[in-house]
Amino acid sequence: QGIFVLGLPYAVLHSGYSGLLLIVLAAALCCYTGKILIACLYEENEDGQLMRVRDTYEDIANACCRKRSPNLGGIVVNVTQVVELIMTCILYLIVSGNLLSHSFPYVPVTEKAWSVIAFITLLPCVFIRTLKIVSKLSQLCSLVHFVIILIVITYCLIQMHQWSWAKFRLSLEFEDFMVSVGVIIFSYTSQIFLPTLEGNMKNPAEFRCMLNWTHFFACILKTTFALTAFLTWGEKTKEVITDNLPSFLETLVNLCLLTKALLSYPLPFYAATEVVCSCISKGNHSNYRSPLLALTVRGSFLLLTLLMAMFTPHFALLMGLSGSVTGAAMTFLLPSLFHLKLKWKKLSFLEKCADISIFILGSLCSLAGIVCSIKGLLEVFG
């Protein structure tokens, strides 16, 4: 449940009834691609039992490209992962600065200075060495997010007497609809973390069940949140729904969002540094255990996210462009392509059709998102 969730009512504003259906469809598709991605980690042994023969997204990519270029697939996947994860970390820093600026408008501090203050609170991230610590922080993040959703939905229910189904749009504009598609789909993405998550579960056999239930409840929560918020504000719905709240609630929710953003940062940060450390130390396992190497990589990445958050112009548009490429690739294109490549002989006709359909759909979404983002950049730069 990422910060993208706060943009769902705005997405419904531009997509109408189709947006609600898209929230459900996106949950089903992302759940499916998560399952087939994990299926690529396993192969049957001589006795017909499934054995985990791969550990990471990189291993899956290398297995698919083994005949032509053994390391090409892993390089592409690692670069894509790191770009998306770093962009996510930068976004959290920018959001933190923005939230602090809006929460304390009378304090004579610029938004960039607030981002530096938020960055200082994240310095302990350089000492995070295990996924267990990250999972605890993510659990707290989920609790804070639940509080935010609860506040917004409660306020919307109080305003129920103003609701009208006539607020839903029947006509759609292509560019606005594609913006909605991007917001809805990327509010579900988690494929980057799944191989590591499944490998660290006490009982990996429960992974598929866990994925089903989490996506089911996420779908219910997102649909309820988007629907109630849109029915409350209608055409006045803003890009970030918390901006619609009255001032006394907006400050409280902004502080909760700030807490959520800071608690969300460690997960993509940890995942990105683990990928880089693994690549650097490949072939020399002892270096991977070197505290100095890990500390240097984490410190460098932490500083990089701050510098890019401070000096990257029009970051939102650049984030949209990279998200259309990396997000769609990691969520739809690569899982379906790898599944077809590694499991082709064992897949049924319907499974092959499903993978091919998802690949085509992901390609179209990615292409449309790239076109819209480049158009926005060209308009900004005149």
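The backbone N, Cα and C atoms fix where each Cβ goes, glycine too.
Remember, predicted model here, so these are calculated numbers, not experimental data.
Positions annotated as domain 'Amino acid transporter transmembrane' by TrEMBL: 1-374.
Only residues 6 or more beyond the boundaries of the transmembrane segment (20-42), in the same chain, are considered here, and those with a CB under 8 A from a CB of the stretch are 8, 12, 50-55, 57, 59-60, 63, 180-181, 184-185, 187-191, 194-195, 198, 207-208, 211-212, 215-216, 218-219, 222-223, 226-227, 331-332, 335-336, 338-339, 342-343, 354-355, 358, 361. For 20-42 (among others), the entry in TrEMBL reads transmembrane segment.
Annotation comment: TrEMBL describes 75-94 (among others) as transmembrane segment. Counting residues 6+ beyond its ends, the transmembrane segment (75-94) has Cβ neighbours under 8 Å at 3, 57-58, 60-61, 115, 118-119, 122, 192, 261-262, 264-265, 268-269, 271-272, 275-276, 279, 301, 304-306, 308-309, 312, 315, 318-319, 322-323, 325-327, 329-330, 334 in the same chain.
Summarising the annotation, TrEMBL assigns transmembrane segment to 114-131 (among others). Here the transmembrane segment (114-131) has long-range neighbours at 93-94, 96-98, 100-101, 196-197, 200, 258, 261-262, 265-266, 269-270, 294-295, 298-299, 302, 305-306, 309-310, meaning same-chain residues at least 6 beyond its ends whose C-beta is under 8 angstroms from one of its own.
Tertiary neighbourhood of the transmembrane segment (143-165): same-chain residues 1, 5-6, 221, 224-225, 228-229, 231-232, 234, 241-242, 245, 249, 252-253, 256-257, 259-260, 263, selected by CB-CB distance under 8 Å and a gap of 6+ residues from either end. The annotation transmembrane segment is assigned in TrEMBL to 143-165 (among others).
Among the features that TrEMBL reports, transmembrane segment is placed at 177-197 (among others).
Residues or ranges marked as transmembrane segment in TrEMBL: 209-231 (among others).
The annotation transmembrane segment is assigned in TrEMBL to 251-271 (among others).
What TrEMBL records for 292-311 (among others) is transmembrane segment. Residues 86, 89-90, 93-94, 97, 112, 115-116, 119, 122-123, 125-126, 128-129, 269, 272-273, 276-277, 280-281 of the same chain, all 6+ positions outside the transmembrane segment (292-311), place their C-beta atoms under 8 angstroms from a C-beta of that stretch.
Per TrEMBL, transmembrane segment is recorded for 317-338 (among others).
The annotation transmembrane segment is assigned in TrEMBL to 358-378 (among others).
Most Cβ pairs under 8 Å with the transmembrane segment (251-271) belong to 177-197, among the candidate stretches 177-197, 209-231, 358-378.
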